[in-house]
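Features as listed in Swiss-Prot:
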DOMAIN    3-200  domain 'Glutamine amidotransferase type-1'
ACT_SITE  Cys80  active site, nucleophile
ACT_SITE  His174  active site
ACT_SITE  Glu176  active site
DOMAIN    201-388  domain 'GMPS ATP-PPase'
BINDING   Ser228, Gly229, Gly230, Val231, Asp232, Ser233, Ser234  ATP binding site
Amino acid sequence: MQSVLVLDFGSQYTQLIARRIRELGIYSEILPYNTTPETIREHAPKAIILSGGPTSVYGESAILPHEGIFSLGLPILGICYGLQAIAKHFGGEVASSAKQEFGRAKMLVSRDGEPESMLFRNIPDSDVWMSHGDKVVNLPDGFRITASSANSEMCALETYGSKGALKVFGLQFHPEVQHTLYGKQLLSNFLIDIAGITPDWSPKHFIDHQIEEIRRTAGDETVICGISGGVDSSVAAVLVSRAIGKNLHCVFVDNGLLRKNEADKVMQFLKHLGLRLTLADASELFLKRLKNVASPEKKRKIIGRTFIQVFEEQLDKEKFLVQGTLYPDVIESVSVKGPSETIKSHHNVGGLPKRMKLKLIEPLRELFKDEVRAVGRELGIAEDILMRHPFPGPGLAVRVLGSVSKERLDILRDADEIFLEELKSSGLYQKVWQAFSVLLPVQSVGVMGDKRTYENVLALRAVESSDGMTADWAQLPHDFLARVSNRIINEVRGINRVAYDISSKPPATIEWE
């Protein structure tokens with residue numbers, strides 16, 4: 001299988017680059033920015049992409065690629081910081097820009113060069129997405145300018161003439177972001193036309209590869225899988241089951257942090273998947289350990305440790321634990337020296353105890369949510385399971401802000417059920433990426449039945465997204481929001497005020513904690 005390597009310099013969009021490549025039917029892998037030429041040869045890619053990053057190539061904290069990658073004879077595309085790293089390597093000059101560019105910009109393609117740039121073939125002047133404070137101010141020898149913007153004369157560069165055979169390209173903007181109108185076409189031009197890659201990556205190919213990997217990892221050992229009934233754990237369980245059959249033991253943990261009637265619903269449809277399944281009711285244990293804990297990070301750590309303990313109590317001879325960890329989980333959990341900061345530890349990653357007795361199998365670790373659903377369809381999983389909204393591993397513990405109690409959980413469950421019920425009955429549930437309620441650690445004064453009340457404030461959250469990496473708040477109809485608010489205040493005891501969250505990601509995250 002032909003592949004592309006993305007070298008990560010810490011951009012928040014690195015995972016999006018990988019996703020856009022896969023949308024073209026090409027397999028992609030992400031490796032650290034300082035990966036050696038020897039390691040790259042072992043992966044045998046057909047092309048290399050250098051991601052963006054938050055540092056300056058001329059600063060003391062500059063992180064630069066291994067110089068040997070430019071001697072491998074592979075086509076290379078640098079994006080934003082990647083462009084600047086290329087310019088520096090080949091003797092160009094990068095400096096701080098007097099006017100920074102963040103957001104949309106108009107890109108003008110240079111048409112007077114000979115021969116025509118293969119990278120910009122069939123690409124008109126159009127909007128692109130910028131996010132930079134530095135820019136190339138002196139062109140490296142052997143390069144030409146192929147596009148410009150109002151603030152970046154050298155918006156795109158490429159080798160030509162005697163250096164043309166190197167096939168090194170750079171873009172100051174981000175083709176992987178949806179706001180760049182022809183970004184996907186640019187990537188296609190680079191990977192298919194310039195690098196000569198034949199698209200051959202698909203959900204079926206991924207499944208076949210993972211089945212081989214799982215069998216090689218697990219061997220004849222038995223494996224335990226914590227399953228929640230959500231998309232990720234369900235697809236992970238079925239995929240592992242395809243690989244090792246009855247050697248997979250699934251455990252559904254009722255942690256007391258689930259949505260209303262969730263345990264019964266989950267057990268019903270999981271049995272239809274033909275999995276060997278055990279129910280472990282540990283709700284009292286979780287709530288006891290979470291008592292008076294307000295810190296979201298502490299909640300996640302406690303929940304991660306308790307999950308593992310519960311699994312270990314269900315163990316017979318199992319040596320491995322399956323988790324439905326996805327790419328967005330990893331990028332929000334792992335801080336690489338130099339690149340992007342840790343935003344929050346994820347239940348499936350940073351929340352696990354370091355001295356865990358089980359080895360991990362994470363078959364979905366390199367997939368985005370939409371890819372997980374595509375794999376699930378290939379596996380024959382029912383659509384009503386695949387199209388469920390994402391639900392956090394720590395459950396409602398991170399949607400009850402502040403300390404968690406059974407009383408506050410019940411209030412949130414009742415309110416959240418009304419919100420989801422109204423979304424489904426109004427035909428809006430499948431139009432949003434994720435929707436949920438958050439019980440705030442705030443009380444407000446109200447009046448009900450001529451009496452003063454002092455009760456909880458609830459926030460409603462609904463977002464639109466394609467992968468969870470970025471998200472816009474969903475502009476739900478006002479009459480719909482009014483109906484939901486009215487029902488919650490009148491039907492749920494303990495809430496007298498409802499707010500709607502209109503924050504996008506970034507700067508906010510989708511979940512509040």
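In case you wondered, yes, glycine gets a Cβ from its N, Cα and C as well.
Structural mapping of features recorded in Swiss-Prot.
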| residue | record | DSSP (3 states) |
| --- | --- | --- |
| Cys80 | active site, nucleophile | coil |
| His174 | active site | coil |
| Ser228 | ATP binding site | coil |
| Ser233 | ATP binding site | helix |
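If you compare Cα positions, Val231 (ATP binding site) sits closest to Glu176 out of the active-site residues Cys80, His174, Glu176. When the C-alpha distances from Asp232 (ATP binding site) to the active-site residues Cys80, His174, Glu176 are tabulated, the minimum falls on Glu176. On the 0 to 100 pLDDT scale, the domain 'GMPS ATP-PPase' (201-388) averages 83 in this prediction. Nearest to Cys80 (active site, nucleophile) in space, judged by Cα atoms and limited to the recorded positions His174, Glu176, Gly229, is His174. Shown in sequence order, Ile227, Val235, Ala236, Gly324, Ile385, Arg388, Phe391 are the same-chain residues outside Ser228, Gly229, Gly230, Val231, Asp232, Ser233, Ser234 whose Cβ sits within 8 Å of the Cβ centre of the ATP site. Local packing around the binding-site residues Ser228, Ser233, Ser234 was summarised as the count of other Cβ atoms within 10 Å of each Cβ; on this measure the leading residue is Ser234. Around Gly230 (ATP binding site), the C-beta neighbours below 8 angstroms that are at least 6 residues distant in the chain are Gly324, Arg388, Pro390, Phe391. Looking at Ser234 (ATP binding site) and Glu176 (active site), their Cα atoms lie 29 Å from each other. Ranking the recorded positions Glu176, Asp232 by how many other Cβ atoms lie within 10 angstroms of each Cβ puts Asp232 at the bottom.
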